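Residues or ranges marked as domain 'MARVEL' by TrEMBL: 13-148, 153-297. The transmembrane segment annotation in TrEMBL covers 44-65, 85-109, 121-141, 153-178, 190-219, 225-248, 272-291.
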Amino acid sequence: MESTGGPYLNTAAVTSPVGIARLLQMMFGCTTFSLVAHQGGFSAAYGTFCMFVWTFCFAITVFIITCEFTHFHSCLSISWGNFTAAFAMLATLMSVTAAVIYPLYFVQLDCYPIGCEVRDFRIAASVFAGLLFLVYAAEVFLTRAKPGQVTSYMATVSGLLKIVQAFVACIIFGALVNDSQYGKYVAMQWCVAVYSFCFVVTVVVVAFSVTGKTALLWFPFERSVVIYTLGAVLLYVSAAVIWPVFCFDSKYGSPRRPGSCAKGRCPWDSQLVIAIFTYVNLLLYVVDLAYSQRIRFVPHL
């Protein structure tokens, strides 16, 4: 007679350090969006983004815990280790963004005009949002690749950097559409092409790693990723030179913020954000290239 007990359930999914971190993620995430939805409130695109982050991360975390507890993930045609590592890094970035945005736009020390009860709910939601970020960061720390350890590509420094690179590119795109005037010069359009190309290829690399389909490709995926990373460094070097020249040189743009620019709707502000994050992504790709020389892909983990 077959046993109906332990072998069918993976208790380590909720008792291991990573499992406990995920349970805390679920608890803090649910608490955060519940406080906001019940009394804290949110509005405009910033508030909607924060609520999306908390609900999305909560749903995927519940899915991961359920799959690992029931061994259901073994039935999925994806690389589970790559998927969980990629999501943990993405959730860390999204949750820290929401943890900064929500208190910045919705929390105030005075009760007027929202009332003390609403203020207290918003402060509590901000605290739990910060805790949520910390437990997602803890999972990234716990699951990251150790020296000499055979692990999933997305758990390595290079794999985690791919998620950060794509996230930074999304910030750049957000600034581009916010009246950045990138169509003013062909050189600026070249920079947009660089951001778009690198973002798309990075997402494709992550997608192939998560789905575990790298072994089916007719070309060596590992070497191709290293070559692409080198190309991305060179492309971002060109953007890091071209964008500031055509935005902040007095011949093409303005070296200082125009006094007539409205707050939140100034092309110069968007151009500055793009310039800053261009250098951030350039640094990320350089570090990625350095680490990619020391790793080997394990597509089946």
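Even glycines carry a Cβ here, placed using N, Cα and C.
TrEMBL: automatically predicted annotations, no manual curation.
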Exercise. Which one, 44-65, 121-141, 153-178, 190-219, has the most C-beta pairs under 8 Å toward the transmembrane segment (85-109)?
Worked result: 121-141
Problem set entry | For the domain 'MARVEL' (153-297), mean pLDDT (0 to 100) | 91
Seminar exercise, completed: Taking the transmembrane segment (225-248) as reference, the highest number of CB pairs under 8 angstroms among 121-141, 153-178, 190-219, 272-291 goes to 272-291
Problem set entry | For the transmembrane segment (272-291), sequence-distant contacts whose Cβ falls under 8 Å of one of its Cβ atoms, 6 or more beyond its ends | 156-158, 161-162, 164-165, 168-169, 171-172, 175-176, 180, 191, 195, 198, 226, 229-230, 232-233, 236-237, 239-240, 243-244, 247-248, 257
For this session: Over the span of the domain 'MARVEL' (153-297), count residues by DSSP class, listing helix, strand and coil in order.
Result: 110 helix, 0 strand, 35 coil
Problem set entry | Within the domain 'MARVEL' (13-148), residues counted as helix, strand or coil by DSSP | 113 helix, 0 strand, 23 coil
